[in-house]
Amino acid sequence: MNILSTDICIIGAGPVGLFAVFEAGLLKMRCHVVDALAQTGGQLSEIYPKKPIYDIPGFPEVLAGDLVKNLEKQIEPFKPTFTLGERVERFTRLDDGSFIVYTVAGTEISCKIIVIAAGLGSFEPRKPAIEHLALYEGKGVNYMILDPEHYRDKRVVIAGGGDSALDWTIFLANVAKEVTLVHRGTTFRGVPESAEKVQHLAEAGKIKLLLKSNVVGVSGEDKLEAVTISFNNEEDVVQETDYFIPLFGLTPKLGPLEDWDLELQDGAIVVNTFDYSTSIEGVYAIGDINTYPGKLKLILCGFHEAALMAQSAYKYLNPDKKFTLKYTTVNGVPTL
Amino acid sequence: MNDIKIYVQEPSGDKTPVDAPTDMGLSLMEVLKASGYPIAATCGGMALCATCHIEVLSDHELPPPSDDEGYMLDSLPAVTDNSRLSCQVRLTPELDELVVKLGAGD
Ligand SMILES: Cc1cc2nc3c(=O)[nH]c(=O)nc-3n(C[C@H](O)[C@H](O)[C@H](O)COP(=O)(O)OP(=O)(O)OC[C@H]3O[C@@H](n4cnc5c(N)ncnc54)[C@H](O)[C@@H]3O)c2cc1C
Ligand code: FES
């Protein structure tokens, strides 16, 4: 088990969670950031990294991916720490008013303040509607490839038609004993080079490529032993395999947050616009995840919310300290 | 009058009519969302999120999907040959009496 300690635990490494590190850092509060995704940037990295954004003040045009890179650089002086690839499941409050935040992988973060910057929810894999699929999750059915070595000399069936299905098929062709790619279409519309490579591998007999096909069934005693593949919705074939990896991209799901005893309205956390505090003292919610009269789900608005949250959090942690707002132009960016 | 009627087939099988203007450059997603259907439209209509996924049930000839739309559809788990992203379907007079069913919403 991994136990960490910090002033503020930020749930969500989207643009708003990242900028919250900056605003907290200016007030000398340390932050630890947790995200279910393996990378930072939230929607910007996962949905539209190559799209230009036009409404960030001072940037007539900036690519979403570049904005994330800049935010990372901007918060570097404050040495934030990260737990990536782990979803936060719950938190508890201790007698002294501090919190422990628990992730799905057993990491515990001890903190004085929680900032929920969870956007539209935690990014989770899209799952195909196959009967009994859930029974085999972790027992042969995986939705993400964390360690390719895991598949060395094994038989693998991949389903999907996007770039990640193509990329992993190419990669695993040299690792696994047998790779089958199942795709419902007749062509691939992703990166042309990857599509070509997959075709070549299939022609060379290095992989099995099944087009106009769908995986429609899974079976096995205690773990996955075979998948049923329907070809052209006509003929069903059963293929023995060790692993089935459906790769249909990720989509945000509110998930565990719904059970955190926070006041919710239409899937968003109700906050006080004075400081974006929630119904639990010491817990704030900023960015797309919150709601209040007039709320706009914009990056700009999330940045503003982060600034007000940080002032309030500072006062909460230091009730006796006198406080005056300092411009960054006066002393530059302090370090922690 | 530039309005057409679109029908949404509910899970019960009933078809709900929806009035849709064709002179405002709207997409089917925008009209469905405005009519209260639970479409997140996370990406705002850029063929990037697939939350506006629908299935066309009538035999209207729609313009074929662009590469971006096709790519997104290809990467989804539950699609059929009649699946579309409703944000990419422009409302035109030809689509009068179109019947659609909402997709899995992912
Ligand atoms: C296609 C598209 C175009 C857009 N264009 C613009 C634009 O031009 N201008 C603009 O201002 N906005 C735009 N937006 C909206 C903008 O992206 C969002 O407002 C912004 O991403 C919100 O940032 P956030 O940090 O609040 O949340 P997000 O970016 O959603 O990040 C939240 C993060 O929290 C993580 N998370 C959630 N729950 C948990 C949990 N339990 N455990 C661990 N991690 C968790 C998620 O995995 C995610 O990475 C656009 C959005 C899309 C999809
Ligand atoms: S609204 Fe996102 S794909 Fe249509």
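Heads up, the Cβ atoms here are built off N, Cα and C, so glycines get one too.
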Among A:F19, A:F123, A:F303 - the residue TrEMBL places in the same FAD site as A:D35, A:Q43, A:Y48, A:V88, A:D288, A:T329: A:F123
Annotated binding-site residues A:D35, A:Y48, A:D288, A:T329, filtered by Cβ under 6 Å to ligand 1: A:D35, A:Y48, A:D288
A:D35, A:Y48, A:V88, A:F123, A:D288, A:T329: the binding-site residues whose Cβ falls under 8 Å from a chain B Cβ: A:Y48
Densest Cβ neighbourhood among A:Y48, A:F123 (binding-site residues), 10 Å radius: A:F123
Three-state secondary structure, which DSSP defines for A:F123 (FAD binding site): strand
Local Cβ density at A:D288 (FAD binding site) - other Cβ atoms counted within 10 Å: 27
